[in-house]
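Engineer: Sharing the features that Swiss-Prot gives for it:
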- 170, 171, 172, 173, 174, 175, 176, 177: ATP binding site (BINDING)
- 363: site 'Required for activity' (SITE)
């Protein structure tokens with residue numbers, strides 16, 4: 001029989017006592033009263049905070065939005081089909097946050113920043129709150145650098161600056177997404193990080209956009225956040241905030257970012273669905289009372305940071321869909337009042353074959369020429385005035401039978417200027433190409449051409465200019481000014497190419 005020494009026993013007991021941990025873990029637990037339509041009513045959870053994440057037994061996560069006297073209303077970030085009445089719910093003590101890192105570039109993620117492109121996990125060491133406060137007044141400065149879209153109509157007449165919020169608004173099928181995606185394609189080589197947020201769109205449309213980005217090499221500097229039409233309303237509501245958090249990560253690291261919300265009408269509809277199911281009182285068009293705050297707290301996160309914070313920027317291009325051109329509906333007026341200008345796309349222009357279908361008359365940028373290089377200011381000043389006069393004359397000319405020569409000339413010039421603004425999709429132009437194109441139009445060099453020839457002439461002319469007169473692009477790029485030397489080179493190129501073009505057309 002083994003001798004047991006009492007000292008050994010006592011030392012083992014002492015060791016066990018030392019290792020004993022008296023930690024008490026307290027959980028805030030509740031019980032599901034009712035679940036359905038993406039909403040759960042929970043009894044208990046007495047100390048839960050508004051916006052806190054709650055975890056259900058099956059692993060589904062929800063957000064506590066309604067804190068009522070006898071229950072908590074939570075929205076689910078999933079279908080919630082396996083949650084049962086009477087099951088327990090745990091408060092996590094956290095609010096929604098996402099991992100962030102440079103590795104997100106080139107990836108497609110959902111509203112919880114989880115990859116959905118089948119390319120594996122995304123490494124990330126930092127995280128950011130989905131709902132971060134916007135920069136304050138002292139943290140900002142006014143926008144002064146141009147954010148080129150590559151579209152002549154916008155860059156010349158409705159210029160966008162880095163840190164600006166410019167609304168893209170129009171009916172369905174007027175080319176809103178095309179304007180937004182072309183802007184992303186034009187950021188190639190500009191050192192701008194782009195975030196494209198697709199909210200409630202068809203999965204096929206999102207796939208098409210991602211395909212375009214991949215073909216044109218734009219995915220290298222772009223993150224796509226997608227919640228398609230079959231996603232729960234909660235995730236469609238969160239997607240824009242996730243996109244903003246990813247863009248902010250780069251903005252606070254002294255980089256320039258561009259974020260596109262496509263589109264905020266669908267986010268508002270998802271939020272309306274959640275609010276009505278939570279039994280919040282409906283307001284105008286059945287939207288809840290805080291739908292303005294929904295968009296204002298999102299769009300206020302776009303900013304041009306002060307020099308103390310590194311001068312990073314976040315430019316936001318929110319998209320809003322109108323019904324039959326009604327800009328005075330609830331969501332359009334809300335977003336117009338929050339943003340620094342709007343680019344209005346009209347169905348009439350689109351149907352008339354003017355693409356991009358931008359209605360220059362009612363589109364505006366509140367940053368204005370501060371967001372243009374000097375060369376663009378020099379040539380584009382005349383363009384908006386001439387187009388406005390043309391629109392007025394055109395309306396008048398429909399009723400007048402005999403017009404004097406000056407009026408006929410002005411109408412002819414206006415029609416050619418309108419042709420000059422037409423562009424193919426996914427073919428953004430550099431600023432020097434735009435300057436050359438506008439100069440050709442406003443100085444009457446295209447007046448000798450037939451209207452049908454103008455677009456072809458300009459496409460060939462831009463190629464001719466790049467190939468034969470590289471000095472012109474050098475001057476504009478280096479000095480940002482349309483100098484006398486640049487004008488001489490451009491005039492030469494126009495005359496040479498016009499001669500060639502007319503000879504070709506005669507054959």
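Backbone N, Cα and C define each Cβ position, glycine as well.
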Engineer: Which chain-mates of residue 363 (site 'Required for activity') that are at least 6 residues away have a CB under 8 A from its CB, listed by sequence?
Structural biologist: 157, 158, 341, 342, 343, 344
Engineer: Could you say which of the binding-site residues 170, 175 has its Cβ with the most other Cβ atoms inside 10 Å?
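Structural biologist: For the binding-site residues 170, 175, the Cβ with the most other Cβ atoms within 10 Å is 170.
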Engineer: Any idea which of the binding-site residues 173, 177 has the thinnest Cβ neighbourhood at 10 Å?
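Structural biologist: Relative to the other binding-site residues in 173, 177, 173 has the fewest Cβ atoms within 10 Å.
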Engineer: Compute the mean position of the Cβ atoms of 170, 171, 172, 173, 174, 175, 176, 177, which form the recorded ATP site, and then list in sequence order the other residues of that chain whose Cβ is within 8 Å of it.
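Structural biologist: Near the ATP site, beyond 170, 171, 172, 173, 174, 175, 176, 177, sit 321, 345, 347, 350, 357.
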Engineer: Looking at the binding-site residues 171, 172, 174, 176, which one has the fewest other Cβ atoms within 10 Å of its own Cβ?
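Structural biologist: The binding-site residues 171, 172, 174, 176 were compared, and 172 has the fewest Cβ atoms within 10 Å.
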